[in-house]
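*Asks:* Questions regarding the structure given below will be posed in turn.
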Amino acid sequence: MISELYELKKMAARVEAATMGGGEIDEESDERGSMWDLDQKLDQSMDEEAGRLRNMYKEKKFSALLLLQLSFQSLGVVYGDLGTSPLYVFYNTFPHGIKDPEDIIGALSLIIYSLTLIPLLKYVFVVCKANDNGQGGTFALYSLLCRHAKVKTIRNQHRTDEELTTYSRSTFHEHSFAAKTKRWLEERTSRKTALLVLVLVGTCMVIGDGVVVLVAVVILVSLFSVQHYGTDRVGWLFAPIVFLWFLSIASIGMYNIWKHDTTVLKAFSPVYIYRYFKRGGIDRWTSLGGIMLSITGIEALFADLSHFPVSAVQIAFTAIVFPCLLLAYSGQAAYIRNHPHHVADAFYRSIPGSVYWPMFIIATAAAIVASQATISATFSLIKQALAHGCFPRVKVVHTSRKFLGQIYVPDINWILMILCIAVTAGFKNQSQIGNAYGTAVVIVMLVTTLLMTLIMILVWRCHWVLVLVFTVLSLVVECTYFSAMLFKVDQGGWVPLVIAAAFLLIMSVWHYGTLKRYEFEMHSRVSMAWILGLGPSLGLVRVPGVGLVYTELASGVPHIFSHFITNLPAIHSVVVFVCVKNLPVYTVPEEERFLVKRIGPKNFHMFHDDFEKRLFESLFLFIRLESMMEGGCSDSDDYSICGSQNHFKEKNENVATFDTFDSIESITPVKRVSHTVTASSQMSGGVDELEFINRCRDAGVVHIMGNTVVRARRQARFYKKIAIDYVYAFLRKICREHSVIFNVPQESLLNVGQIFYV
């Protein structure tokens, strides 16, 4: 009961916020003041109870056994890429052989501290804490920033967005460093655009990284073919293989240290890094490109957070992955110290003869699993890009009922497979693939560092000294690797750059077109007064039924509607404006997905969401709630929300909007209260309206969608014409239509065309 009452109060509060547009509370009466105090106490008690229930999904408590199961499962999805690096690191570090035995110790020391500083300290214990309700990746960081600063390029924020329980943002002291940084970002559109481009570059590099894998073509086809089973099943399939792999390489590593050279353990001293570079030579600097491969896979680690809890990922890395990798690299170094001429295939040469073939089978299986991390990461990043309007609409399949982040994107899966086959077939040797791999990873790390700097300032509110230490230390390490990778661009490193550039072009053009379409909707929207004034002149006819008008706007009357009634002066008895709105949050609780407000005369029955069923359920709930609130009012001059609700004065025009935020759908009903009625008549009026809407619903529902064609102006530059008239037009043609997403019956669909020039 308390949960139902809570929902009624919350919905009423959203009605008040929407109808008033920030109206003032009427506290002139002592009686109302006491009611306000009582209401505050009721609000507090219900907020505590409902908040506990609502946030269960956000603060899931995993049992120790379940957490261990998830940690084990994450091995097969998250760590296959990072775990198979010992197969090729030393070969790519010394492609021309080893000139000085001490270089082996120096290289091992670099590997040890690279694994410690970047994957362990930076990613597992710092970056992973910056997840967005379990979501990872560059777009997750961008979503956090969008909630704490107005940096979105599509300015569709609404004050009611911040009322969501998942929409956490903080206030800043006016003179704080965070407030100054926030103002600096918000001042210019160019800075917002630069931030978005930075995010897109990081995302595209992860995708380009996922294309570059060292697996045979036949195996690639098999790997991508099992993706539709979902992360849960794939994880259980691959986890035993990866777990066995880590145990095997750790055991062989300990054996090689004991048998060949225990002195390699002195590489844990950073002094040998200094000595390694002191001996000089360009080869030692460029060898960082090979050492960089020891940490490839960390970019996928962060992006894969949506598939598993953060604690499970952290446990798996600290308890299994990190120590096993240290032992594996140390063992290989010990073997190479005695057999420097075996560096080209040091991993297989270092395997004891008695277990060679079993280990060969395990290594082959682990190499097959290795690319799973980047495949899963790509799915997550594409879904996040969709929510920000940065990628054409594609089908996203949720493969788990327990974890919303476990998804499968069919179209992207097969595109990645084709690209992987082409790249694998095109490279001549393993070294080229390694160079390509490292180039993509180091760019992703640099982007993550820059975004994390803003996160630490705006979201975590860290002291500027701590931010400076983190940023400088990260950039010193990563820029060093980046400078070394520049020497590898012409040796295969250009491949992920080209692939990333292609995805960046697609994302940029799609976002630009989406932005211009939204700006067109904003500038072309019309007032309700204009529509009311058109009625007599056009002779508008109300026909039986319900019309669902889909719009980009969360409030106001869209241009498509005025365009429709101007050419065909007839509207349905009930009109609902449906707005699909994406918010920078991972998910929205079920009970908060509808925002209600009204504009226009009540007798117009115009409302601004198995989509129809939920739509009408929300609409009926709104009307009942409104009737209840109106029933407790007795003011003769203004309409007030009474009873257990706060008292707000009503404006002349009130908008009733249902917003669905998760997919995210929203709707907007329209009504204006222009006369005063008694409490009993208001209650009966609500019942009559429900009956009227039910009759209209039985008469039929028509979905009215706009088909806005974006074209470049004649005087536009040639590159804009190519981007808009060809690239964007092609993407619009092949992407999923809104009618398909909402499962709209074709016989109930009405498209309204219009052309917009940019």
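Every residue, even glycine, has its Cβ placed from backbone N, Cα and C.
Nobody curates TrEMBL annotations by hand; they come from automatic prediction.
Model, not experiment: these values are computed from the prediction.
Feature list, courtesy of TrEMBL:
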{"type": "DOMAIN", "residues": "212-531", "note": "domain 'K+ potassium transporter integral membrane'"}
{"type": "DOMAIN", "residues": "544-606", "note": "domain 'K+ potassium transporter C-terminal'"}
{"type": "TRANSMEM", "residues": "62-84", "note": "transmembrane segment"}
{"type": "TRANSMEM", "residues": "104-125", "note": "transmembrane segment"}
{"type": "TRANSMEM", "residues": "193-224", "note": "transmembrane segment"}
{"type": "TRANSMEM", "residues": "236-258", "note": "transmembrane segment"}
{"type": "TRANSMEM", "residues": "315-336", "note": "transmembrane segment"}
{"type": "TRANSMEM", "residues": "356-382", "note": "transmembrane segment"}
{"type": "TRANSMEM", "residues": "403-425", "note": "transmembrane segment"}
{"type": "TRANSMEM", "residues": "437-458", "note": "transmembrane segment"}
{"type": "TRANSMEM", "residues": "465-487", "note": "transmembrane segment"}
{"type": "TRANSMEM", "residues": "493-515", "note": "transmembrane segment"}
*Asks:* Mind checking which residues reach the transmembrane segment (493-515)? Cβ under 8 Å, same chain, six or more beyond either end.
*Replies:* 153-154, 196-197, 200-201, 203-205, 207-209, 211-212, 385, 388-392, 419, 423, 427, 435-440, 485, 710, 723-724, 727-728, 731-732
*Asks:* Top stretch among 315-336, 403-425, 465-487 for CB pairs under 8 A with the transmembrane segment (356-382)?
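*Replies:* Per the Cβ count, the answer is 403-425.
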*Asks:* Top stretch among 62-84, 104-125, 236-258, 315-336 for CB pairs under 8 A with the transmembrane segment (465-487)?
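*Replies:* By Cβ pairs under 8 Å, 104-125 leads among 62-84, 104-125, 236-258, 315-336.
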*Asks:* Is it true that the transmembrane segment (236-258) and the transmembrane segment (403-425) have 3 or more CB pairs under 8 Å, sequence gap of 6 or more?
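*Replies:* Taking Cβ pairs at least 6 residues apart, the transmembrane segment (403-425) and the transmembrane segment (236-258) are not in contact, as fewer than 3 fall under 8 Å.
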